[in-house]
Structures are given as C-alpha cells and as structure tokens.
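Asks: Just dropping this structure here.
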Amino acid sequence: MKRKLGIIGAGAVGTAAAHWAVVKNVAEEVVLVDIVEGLARGKALDIAQSAPVYGFSNRITGTEDWAALKDADVVIITAGRPRKPGMSRDDLLQVNLEIVKSCVENIVPHAPNCCLIVVTNPIDAMVYTAFKVSGFPRERVLGMAGVLDSARYRYFIAEALGVSPKDVQALVMGIHGDHMLPLIRLANVAGIPIRDLLPEEKINEIVERTQKGGAEIVSYLKTGSAFTTPGLSAIEMAEAILRDEKRVLTCSVWLEGEFGVKDVFVGVPVVLGARGLEKVLEFPLTPEEKETFLLSVAEVRKQIEKIGL
Ligand SMILES: NC(=O)c1ccc[n+]([C@@H]2O[C@H](COP(=O)([O-])OP(=O)(O)OC[C@H]3O[C@@H](n4cnc5c(N)ncnc54)[C@H](O)[C@@H]3O)[C@@H](O)[C@H]2O)c1
Ligand SMILES: O=C(O)C[C@H](O)C(=O)O
C-alpha cells in the first residue's frame, strides 16, 4: 500500500515531524507544505540529504503547491503562530483560526479521504475548526496534545524515581491547558501504582509541572514553543493510522456522549487505526477526576463559542 503523509507548516513543529516521519519510516512519501516561498523546499531538501548518512529511502519534498497533497492518507496541520512568554494558548485563537481554516480549505479538495491531525494551538478549538470546515466524519479529524502531555507526565515520573521512562505508563486527559487531567490513580511503573512509590507531595508537584509543561519550555525558548516531542507525538498518531496499529493514544476527539459529554473536542484515550478514530476507550472516572474533566470541557466550550462556526 502506498502511504502518503502531508505536513502543513514548515516551521519548528512541522520540520521536526517531517524529520521523525522519515527516520521512523512511517510513509513512503512525505510532502511538507508552507506558504512562505522556498521554506518547505529548503527544509525538505535538508532532511532528504540526511538519507545517505542515516540510511532511509523515503521520498520527502517541500512545496507551496497544495496540489502536491493529492491523495494523501494523513495530513498533519502545524501551520500557525506559536506563543511567546507571557501568552496563553488562548491568545492564539483568532490568528490561528484563520490560518487553520485556510489550510483545511486547501487540503480537502486534494486529499478528500485523508485523516487530519491538528497540532496548531489552541488545539482543542483548532481541531473543532478543522472538523467544521472539512465536513469530515469525526473518525478522520483528530487533535494532538494527549500524546505530548502524557509523555511529559511519564518523563517527570521516571525522573523522580530514577527509572527508565519506557517503564512508566500514565495518561493525561482533557483540554491541552491548565485544566488538563494527569490521572494519578492509573499512573504506574511496570504495573506498580505511583502512589506506592512516591510521596503525595512529589506527585502533586509532577502533576502541576505537567499541566504547565508547555509554558516551562516557552519561558526558556523565548521566541517559540516546544517542537521535538510535539513533532514526534504527531508522527506517533500518524503512524498508528498509516500502519493500522490499533494504538491506544490520548487524542482530542469529538465526543458523542462518551464520558457523559457530547458535542465538544477534548482529550480522551482512543484506539487509532486505518480508519482514524476507531473507538473511544471509555472507563469510569472518580468524582474528583470527573470534576476536573468537566472543568476542561467547560474551558473548551468557551473557546468554541468564540469561533462561531
Ligand atoms: N498541540 C500541541 O501539543 C502543540 C505543541 C507544540 C506546538 N503547537 C502549536 O503548533 C503551531 C506551530 O508551532 P511552530 O513552533 O512550528 O511555529 P513556527 O512559527 O515555527 O511555524 C509555523 C509555520 O506555519 C506556517 N504557516 C502560517 N500560515 C500558514 C498557512 N496558511 N499555510 C501553510 N503554512 C502556514 C508559517 O510560515 C511557519 O513556517 C503553534 O500554533 C503552536 O502553538 C501545538
Ligand atoms: O505550550 C505551547 O504553547 C506549545 C505546546 O502546546 C506545548 O505544550 O508545548
């Protein structure tokens, strides 16, 4: 099967995603698109020239021509402004709304059957925009944030315990914002609950650091936000779809009653396969978890109201 991946935005996240895509061999063809003349071509050429050194044979090209996305199986949208210190992700809503709208309008005629993975912030509102503008079914419109937030949570737990991050399993649900829900009850190290391994105080510190994980990096970078793990996280989702892996990953999806919530995009664990969203993995939340999850949902609803689509 020919597997074609489109990546929109040849900035920090889009370039990282393109790099991970060829290194992980998730697609036979990767097309990077940006509106800035020459930018995607230059970035793609640079990545392509690493092929003989690293040893891959996938095709990667960059262009300003949307037609190059013809029949792409998956398209990742990273186009849009990143935040700077002192800004919230919400501050990007108006400017990125127009960008995401125009990207989706340009993608759909060329790749009408693709799965869209939206990365642009504020993510839960931007994936809603892509859903409305594309008219695609909910199975083919997904937002990336949970993979990144869960990776941060797992990394901080591993760091606190001095164990390999590979052995830490944990998930973060909800909005990609301050009210995200890093689940403490289900976080474990090789099956051992973290509550049996770490004091409550340390766990609370890790939870808070995870919730503010994006801002911590913005405060160091000054002119932009995280890109390496965000790029990889988007590729993890694309790979699950392109290879029909049935991975269980937390993604922002349109809920239709799952977790007692409907008509909103928010992060929940789902099964990702060839059809995109194949199933929402619903499980009972404790009353406290539910309370935070509903706060998340309320925050996303506020963002969606501002969009007016
Ligand atoms: N969901 C997440 O977890 C997550 C993580 C990291 C970054 N982000 C978001 O991803 C977005 C991109 O971040 P970045 O650091 O790559 O920014 P960046 O400024 O480095 O790159 C953005 C790119 O988008 C391009 N672009 C703008 N309008 C476009 C259009 N209409 N069509 C095609 N390309 C267009 C720009 O030319 C630029 O190259 C930001 O909104 C950021 O907040 C989200
Ligand atoms: O924090 C940001 O603005 C970028 C991204 O959402 C992140 O969490 O790294």
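Cβ coordinates are placed from backbone N, Cα and C, and glycine is handled just like the others.
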Asks: Could you look at Arg83, Arg140 and say which one TrEMBL places alongside Arg89, Asn121, Arg152 in the substrate site?
Replies: Arg83
Asks: Since TrEMBL lists Gly9, Ala10, Gly11, Ala12, Val13, Gly14, Asp34, Val119, Thr120, Asn121 for NAD(+), which candidate among Asn25, Asn58, Asn96, Asn106 does it give for that site as well?
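Replies: Candidate listed by TrEMBL for the same site: Asn96.
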Asks: Please check the binding-site residues Gly9, Gly11, Val13, Asp34, Val119, Arg152 against ligand 2 and give me the ones with CB under 6 A, sequence order.
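Replies: Listed by sequence, the hits amount to none.
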Asks: By CA distance, which of the recorded positions (Gly11, Asp34, Asn121, His176) lies nearest to Arg89 (substrate binding site)?
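Replies: Closest recorded candidate to Arg89 (substrate binding site) by Cα: Asn121.
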Asks: Return the maximum Cα to Cα distance in Å (whole number) over the record's NAD(+)-binding residues: Gly9, Ala10, Gly11, Ala12, Val13, Gly14, Asp34, Asn96, Val119, Thr120, Asn121.
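Replies: 17 Å is the greatest Cα spacing among the residues binding NAD(+).
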Asks: Suppose we draw a 10 Å sphere around the Cβ of Arg83 (substrate binding site). How many other Cβ atoms does it contain, all chains included?
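Replies: Around Arg83 (substrate binding site), other Cβ atoms within 10 Å: 18.
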Asks: What is the nearest of the recorded positions Arg83, Arg152, His176 to Val119 (NAD(+) binding site), using the Cα of each?
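Replies: Checking each of Arg83, Arg152, His176 against Val119 (NAD(+) binding site), the shortest Cα distance is to His176.
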Asks: In the structure shown, which of the recorded positions Arg89, Arg152, His176 has the fewest Cβ neighbours within 10 Å?
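Replies: With the recorded positions Arg89, Arg152, His176, fewest surrounding Cβ atoms within 10 Å: Arg152.
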Asks: Anything from the binding-site residues Val13, Asn121, Arg152 with its Cβ under 6 A from ligand 1? List those in sequence order.
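Replies: The binding-site residues passing the 6 Å Cβ test are Val13, Asn121.
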